[in-house]
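*Asks:* The following feature annotations were taken from Swiss-Prot:
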type     : residues : note
SIGNAL   : 1-27     : signal peptide
DOMAIN   : 40-199   : domain 'CBM-cenC'
REGION   : 199-240  : region 'Linker'
REGION   : 241-815  : region 'Catalytic'
ACT_SITE : D386     : active site, nucleophile
ACT_SITE : H737     : active site
ACT_SITE : D786     : active site
ACT_SITE : E795     : active site
DOMAIN   : 828-894  : domain 'Dockerin'
Amino acid sequence: MNFRRMLCAAIVLTIVLSIMLPSTVFALEDKSSKLPDYKNDLLYERTFDEGLCFPWHTCEDSGGKCDFAVVDVPGEPGNKAFRLTVIDKGQNKWSVQMRHRGITLEQGHTYTVRFTIWSDKSCRVYAKIGQMGEPYTEYWNNNWNPFNLTPGQKLTVEQNFTMNYPTDDTCEFTFHLGGELAAGTPYYVYLDDVSLYDPRFVKPVEYVLPQPDVRVNQVGYLPFAKKYATVVSSSTSPLKWQLLNSANQVVLEGNTIPKGLDKDSQDYVHWIDFSNFKTEGKGYYFKLPTVNSDTNYSHPFDISADIYSKMKFDALAFFYHKRSGIPIEMPYAGGEQWTRPAGHIGIEPNKGDTNVPTWPQDDEYAGRPQKYYTKDVTGGWYDAGDHGKYVVNGGIAVWTLMNMYERAKIRGIANQGAYKDGGMNIPERNNGYPDILDEARWEIEFFKKMQVTEKEDPSIAGMVHHKIHDFRWTALGMLPHEDPQPRYLRPVSTAATLNFAATLAQSARLWKDYDPTFAADCLEKAEIAWQAALKHPDIYAEYTPGSGGPGGGPYNDDYVGDEFYWAACELYVTTGKDEYKNYLMNSPHYLEMPAKMGENGGANGEDNGLWGCFTWGTTQGLGTITLALVENGLPATDIQKARNNIAKAADRWLENIEEQGYRLPIKQAEDERGGYPWGSNSFILNQMIVMGYAYDFTGNSKYLDGMQDGMSYLLGRNGLDQSYVTGYGERPLQNPHDRFWTPQTSKKFPAPPPGIIAGGPNSRFEDPTITAAVKKDTPPQKCYIDHTDSWSTNEITVNWNAPFAWVTAYLDEIDLITPPGGVDPEEPEVIYGDCNGDGKVNSTDAVALKRYILRSGISINTDNADVNADGRVNSTDLAILKRYILKEIDVLPHK
């Protein structure tokens, strides 16, 4: 098999920048007569003549706003240019930028800079080549002089410079157009024929992993679960497939099931159902022997009961890595490259988090005045790729980890794996407490510090600050202890206060047998928060142009009925008080489990129309899970209704799986924007939590199969052949949006540790990198780029890795539990003679068995077909089955 092929020219971009994109993204090597040889140029897009601009993209800062496109140059047929539209000039010259990153300047080399630029209004442009981040050293900048542009007149610049500094791999070619440089907005600036030439530099030729025709879970499949692969083919007829082992021996074969056009990927696909093959092994792969293609195969994969055993611990390790206020060190970090000093403990250059002030009063918060005070808010988890800490995002994340433990405790496995003391590799191991609760406590202790005291402001005492983060965004390639930005407490919100009440109530009941003092304090503060929220039910974290900081995400939420319900559920289950019981039973969300958010009204506007059950902004499903899981005083009929609602939601997602070519439980959103939303992978993970509970409550293995399908999509069976998890699969996530794990920014920063999941496809084009790299008509499932600058598709967060840890642990541990009334998934029911799996034994089974023995390319249930129970399926079984059908034998198996 031809597993790899050589690519050069601009496709080298996939290796140089360590990314993988749909093939439509790449420009080919240009042959411009105006520019030097492409192979000696440090830039990967120079002419824009193919309608593409990546890796050129834009940047907005300090009030700047812009847009961009590749357009035809008037009067010049066949010539295109990069057009930047300046919409708002912002406060500074760097408020509006267009730039090309991923440049290494070598000491002693001489470079030739060339570009043509023009505008439709008189303005100035400051061009520079220098560092992407602090201290922003500039190696070329036209001697600090901006270029003056006259309307309609092209300016061509050509200059030489020598790199007299040490070699620097953190460089970018940038044009600043904001602030004092700008004309009256809006206006256009055009860029074309841009080059950075070094005769001593040669673009490398690298090998790029092609996308195979057969898409599989690149890690593997559980033996007992249903197993599907997806074949990309426009054939309308079944295709022959073969499953081979690591010794290249055919162990199973059959014919594909044509499915036609898959809407979300725009691929024509078939399915391979090899569910009945349960033999454990490593290195299996598929081949399509009748398909004349260099890619008529799959990546290798395993079939094993332990494929998630390491993954679940890697997923949980993410939270230790994201701790604030503590050094990340060996032996807990997993490798020296991932160690770092403690961040935000009040040591310069940090401006936090031991004495963080409230946000200064301004127009943004005119309706939400707050007094000036400072708080020690050390600890907690950094939310994502930045250094912000957010209560609402941390709330659903810490709930998920504690729910993992609570379910394990109720199911009788809390003394195993990550749940037991000493099971996780964290500093608190062997302290007498369950490790996963220790990790959750790190966040809960931070939450406590975010609550307003009577002394600080009696008018809002008990309320909780929404978030704490930097005043402005910092650049990638910055460790937490290096962050120089001022940090502020953003105003309190009802949503944050109710997240606090819910999770501290949950924490109280889980800690009461281990640390009663801590548990009592959690409950006391949770009840204070509840009363404060009742007093201030409408302090919303609204979205405003500046609500991101701009040094943090807004996490806006203007509907909190779901948070009130969730908090009441947790407080009721912990205390049994009628106050909370009455509140939750009268909530419009009582016992609700959304299948598609917003259907019953009240969901956060950002989530309405999205397939899924809960997010940081839509939380009623969390409360319903708690009521269904934990013993409480509700009527038994209500608890059963909650469990039924969980199963009903899961059933709708199983229907989606059967409709989707790549068998995933979400479909395109049914809101005004459609497509796939930010964090689409997290919607799937949260759905899988609900599927897990549906299996717990019903014993129906179809929900386990749905979880396996979801994992297969995330681990490679998708339109991009992409595993969205670091360290797992043939094409794993490599370049998440993170300020530390960012080797694309500089080689001095490490690749990410294993077990981290990316947000995944987002067809709403919400960052400049994805907008520059992927065409707007790209199918939603393919709107993704594994690039450190793409925060809207490649972000990593605590509230996404938490469900990833939950799901991997569940699938790894499922063999430890048999649900009430259920069947042990390791021992599925065998109906001897039912070869075709229709629940009956008749002549059609004999025909199927005969065709299987003759290798006619069909799949059968081999367990059922082994009618003499000798562990083999052969002509002896066929003879016995015929006798049984003719009633010459009364019972199967017959030996």
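Heads up, the Cβ atoms here are built off N, Cα and C, so glycines get one too.
Structural setting of the listed features?
*Replies:* Non-local neighbours of the region 'Linker' (199-240) in the same chain are 3-9, 11-12, 14-16, 20, 38-42, 106, 109, 253-258, 260, 267-275, 277-280, 286-291, 293-305, 307, 311, 661-663, 701, 704-705, 707-709, 711-712, 715-718, 720-721, 723, 728-731, 811, 825-826, 828, 857; each lies 6+ residues outside the stretch with a CB under 8 Å from one of its CB atoms.
For D386 (active site, nucleophile), the same-chain residues lying six or more positions away in sequence with a CB closer than 8 A to its CB are H469, D470, W473, T474, G551, G552, G553, R739.
Within the same chain, residues at least six positions away from H737 (active site) with a Cβ under 8 Å of its Cβ are A384, G385, L476, T788, D789, S790, W791, N794, E795, I796. Secondary structure from DSSP puts H737 (active site) in a beta strand.
Counting every protein chain shown, the Cβ of D786 (active site) has 25 other Cβ atoms within 10 Å.
Packing around E795 (active site) is summarised by its Cβ count: 23 other Cβ atoms lie within 10 angstroms of its Cβ, all protein chains included.
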*Asks:* Mean pLDDT for the region 'Linker' (199-240), as a whole number?
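*Replies:* On average, pLDDT over the region 'Linker' (199-240) sits at 94.
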*Asks:* Per DSSP, what is the residue tally for the domain 'Dockerin' (828-894) in helix, strand and coil?
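*Replies:* The breakdown for the domain 'Dockerin' (828-894) reads 26 helix, 0 strand, 41 coil.
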*Asks:* Reduced to three states, what secondary structure does DSSP give E795 (active site)?
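*Replies:* Going by the DSSP assignment, E795 (active site) falls within a strand, counted as strand.
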*Asks:* Could you check what DSSP calls D786 (active site) once collapsed to helix, strand or coil?
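*Replies:* It is coil.
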